[in-house]
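Look at TrEMBL and you will find 36-59, 71-92, 104-125, 145-167 tagged as transmembrane segment. Annotation comment: TrEMBL describes 36-168 as domain 'MARVEL'.
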Amino acid sequence: MEEQPRTRPHTVTTTASSFAENFSTSSSSFAYDREFLRTAPGLLIVAEIILGLLVWTLIAGTEYFRVPAFGWVMFVAVFYWVLTVFFLIVYITMTYTRIPQVPWTTVGLCFNGSAFILYLSAAIVDASSVAPERDSHNFNSWAASSFFAFLVTVCYAGNTYFSFIAWRSRTVQ
C-alpha cells in the first residue's frame, strides 16, 4: 500500500492579536546610534571587547586548568566579555531609550566599577601566576594574557570614570 503525500493548502489564514500588532508596530522603528562608536566610552567598549577576547583566548589555548589561579582569570574575562558585548548592543541599538524604567547611568557605573575592580584582581592574579619554570610551553601565552588583562583594566577604569561623570550629572539635575 502506497502512502499518499499530504497536500498543503496554498492559503494561510492568520489572525493577529492586539499584542502582536502593538509589538510589530513598536519594533518596526529600529534605532541605531552610529555615532556611539566614535565617542570615548564607545571606543573604550570596543577596546574592552577586543582586549578581553585576547585575555581569555590566550589562556584558554593553554593547559590553564593546571594552575588554579587561571580559573579566576578565565571567569572574570569571559563573564565581563559577554556582558560588555551585551552593553555594546544595548548602546548601539539605543535599547536604553525603550526601557526608561532601568536607571542606565547607575547600571553602567556599577557594571564598569565592578569590572574595573574584578579585572584588576584578575590581572594581578594572572601576572603573579606566570612563571617560566612552571610551564615553559605556556609561558608566552600566559605573559601576554597578563599584559592584556592590565590593558583591559585601564579601559574599564576609563569607562568607570565616564560612567561616574554621567551618573553625577544625572543625579544633580
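Glycine residues also receive a Cβ, built from the backbone N, Cα and C atoms like all the rest.
Taking Cβ pairs closer than 8 Å, the transmembrane segment (145-167) reaches residues 40-41, 44-45, 47-48, 51-52, 54-56, 58-59, 73, 77, 80, 105-106, 108-109, 111-113, 115-116, 119-120, 122-123, 126-127, 130 in its own chain, all 6 or more past its ends. Listed by sequence, the residues of this chain that lie at least six past the ends of the transmembrane segment (36-59) yet keep a Cβ under 8 A from its Cβ atoms are 70, 73-74, 77-78, 80-81, 84-85, 87-88, 91-92, 115, 126, 141-142, 144-145, 148-149, 151-152, 155-156, 158-159, 162-163.
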